[in-house]
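Annotated features, as they stand in Swiss-Prot:
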- 1-53: domain 'Rubredoxin-like' (DOMAIN)
- CYS6, CYS9, CYS39, CYS42: Fe cation binding site (BINDING)
Amino acid sequence: MQKYVCSVCGYVYDPADGEPDDPIDPGTGFEDLPEDWVCPVCGVDKDLFEPES
């Protein structure tokens, strides 16, 4: 699964790990995150994330 990087702070969302503090289950693809999900580090919207190259 594709990892996504926050263009503001560099946080990497890895679908294999999910986001346990949110709670987002492991295996949840970036496109399946809730629309109101924000970066857990800096709080920006998910539209400021880019696929990791």
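Every residue, even glycine, has its Cβ placed from backbone N, Cα and C.
Mean pLDDT, taken over the domain 'Rubredoxin-like' (1-53), works out to 96 on the 0 to 100 scale.
According to DSSP, CYS42 (Fe cation binding site) is assigned to coil rather than to any helix or strand. DSSP assigns CYS9 (Fe cation binding site) to coil in the three-state reduction, placing it in neither a helix nor a strand. For CYS6 (Fe cation binding site), the same-chain residues that are 6 or more apart in sequence and have a Cβ closer than 8 Å to its Cβ are VAL12, TYR13, CYS39, VAL41, CYS42, VAL44, LEU48, PHE49.
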